[in-house]
């Protein structure tokens, strides 16, 4: 007993420690620390309610310092020490140059005293010798002091640099007015210091611009970090103090595993509206209870609130009013992580992550063994198709599972849910993507796996709810019917009875209770004919990705394979089943429904960022090619280059100004004033002219930079749109990779064009002209002072060679981190549902490690080069002091010529140093330009989607496929279609059915020419598809996908997406919406057709999205309408209405549909039954039923 008590105390202590709040500093010190939730960004606002408070409205009021103060509050002690050292060294490095020039001033003062004596006392040779001796001895301390300062400069410059700017001419003229004989050197020191500030201030604008951008970014980061999630408030790393009132009772903590709860649920007077649409109430005071172990079915029309109940149960949202109880405890008192750990969710649109099948199942239970994974696959009927694959469980699924068919993805997702062994199972249309054969298998597996568990099933298919103990029928956010299925079915005029009758394949409008029970019994007993489905063929349906062809043999890492040593929760060694193969020689495998790649638009994987081998060409051909391509910017360049060159030459006149003013100090006082005003007038006029040219030059450059960036992005985007689907199937052409090229690379080029070009031209002109003029004044001193130019060049060559690789690594790793973030935020609902936040946080931390290493190495190299460059400058100045003294003693140079040569070369060297200091930026721009050019030069091997060529016939709807064979380009040896031949007459309604992976969706890809067939021909009205203009073709051949893609626009914009304003009227939009049965719903919204639907239509239910997609297709008046499971997400009543609407539309166009729900195709003119890529049966419903073949058995099993 004592041991038990101690054990309990230890567990409670561990649990209390686990619930402790983690501060930002803890996160920095230990990135893998157990955090309950990460801060939610705007991208995930639809899945998580965020209480921003009033912080968001104060974004623009946030001061410059306050934003950085908040960010720096996340630093630890080591970071503070580094910042203190950096600031100290920056101040030191900024303070040393004035002392350097003071030493130089003392030297000039001595030189001018000697120069004046020799000028006015040339006959006094004795005193002249004394003066020379004093000059020589006095100059030596200046030389030693300069060397000492050079050492200090090296130490300071290794850390930081600081620049500033002041007015020059007025101060200099005033100084000469008040100067006396003994302060001329001080005046020289002042002039040189001002000149130094003037030169270095050229870059101050860039730093101010960078600081301004940093302030904006800091304010946005602060806003994000200040956001406090409502639901996860007490369990995240962002809160300051925990709320002791909210806790999960120890007895129900999942970590202790002592008591997992019973699963009794109760919803009490729940009202709810989505935060983005508070005026539209989705749930209107619903109340119901679910006993522990009870199986409940939720049915009803699309948009009635069924899926919303799931979101509330898993606490993706909290209700506006009312309460939800789990085993008697209010959900708000439970930890969201612990709550979700006791529930498993299978969504209508399953999300799989890049990696292997084994990895995706393991996401349900991170510590699962391979044996448990295999058992889970067997339970849900996925083992047969997985084991038939060459790589078995190690087959890669691709981005969002795009390499698998819809049914295969769904089975993997169900296996992921089953392996958790939850208390509550939630199936939200979990079998909607399966054909009847596989649905029966999976449904039996679900019933077996969920036995004894509380189960909530949301379904439109009646077969999915056959074993439910009780049904809740929902309509407009309310429960309108409740009871056992057989009782609801016998309720005359009831909603459920209507839904059931709508799905029957016979023509009897009503059924008796005995009929229903008989049909349910036949389903439960599994008395159905199972056609001889060749699982080898289904295996082929996922074999698309290949290492053949021009594709790189490298296989990207999945999230679960990133630094496997650091993620021990995902063991890779299987205990049973297919043995893994060497992933270096394997490739992702493809499902036949992954034909367009649209399913992965919002989820970009790390593996898609395997870029091509870096170019070995180290010159700047790529940037020059892009600049020459932007011909519209030539006039701006023609104005920018001359004005900037003239401005650069004006800088050199400042050097002469200093020497000229010092010469005036040597003339008699009666002539000094006249010459002083003359020099001041000349240089003031020149400065005014230089300012005008500077303003014009920077204006032209800014306009050119903005235009160049827009031109690059538009050109790249247009080029990407030209490619066919085969291009996007390749891993290296993932959406994240392309997005990085279009936005980031063009932004890098814009930064160089807009900010660096203004510095680049003076940095090239000034060194050249300064060296030429200095050589004309005194070639010996000019050669000595100009020695720093080749030294800078050699130093930077070393940096370029050593830093180029690091720069590429940094660009690559930045893209990896960026796109992993996109994956997490795009799929935050699935990640939260399976408590994968901490896991993906660890993956993200591991992804950042290579970037941090590359940045550190690059920083060391840059700092060393910078230190060498600046210390060498002052070492060289020390040498000029010594040799200048010798040359003056030998009368080879005057002090004024010495000043001119030194200032000219230092001025030019300062510009040259800015040029070489920007080599890293130019190198980054060169890499970005090479990436852009590589993207632009890629040829469209299969088709040019934006081609202006090709025929533009008026299609009527005849479709002929003649001996068509097809395999996806990434797996050319695996045939998806094999000599497929059929004909469809115009205006006919045709259906294609068959098991998952039989090639149905590939037929649509052939008709729309998403791909080209290997052999055979596809004809539309006797026109070869390849001969028709692609844009014209897809304007007349329109498809509605099983998982429709909507955009973050208004409903009206989504319906008319791709059409010109003059092509469609509002009346036509409303007519299409009425046919799709979505008009009434839209009309009830506060903004009607102008309502924003959120990213990917996130504000709509699955059925509503599908109906908008159907309206989008119908508004185009297509000649051929392709429906790929277009009504799978709809309830039976809505499906029947849309079927009637589509039947009307089919009278004016050819309608071809793919369906697993056979009730939706019973009235079509002809049905093609496919298996293994070919037609095995054809005829109408009655004909096929009489044949007693595969179709008959599929119907009887439905």
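Cβ coordinates are placed from backbone N, Cα and C, and glycine is handled just like the others.
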With TrEMBL as the source, identify the stretch among 503-534, 535-566, 567-598 annotated region 'Disordered'. 567-598
According to TrEMBL, which of these ranges is transmembrane segment: 187-208, 209-230, 231-252? 187-208
Which range is transmembrane segment per TrEMBL? Of 812-835, 836-859, 860-883, it is 860-883
Which one of these stretches, 625-644, 645-664, 705-724, shows up in TrEMBL as transmembrane segment? 645-664
Limited to the domain 'ABC transporter' (959-1197), I'd like the whole-number average of pLDDT. 81
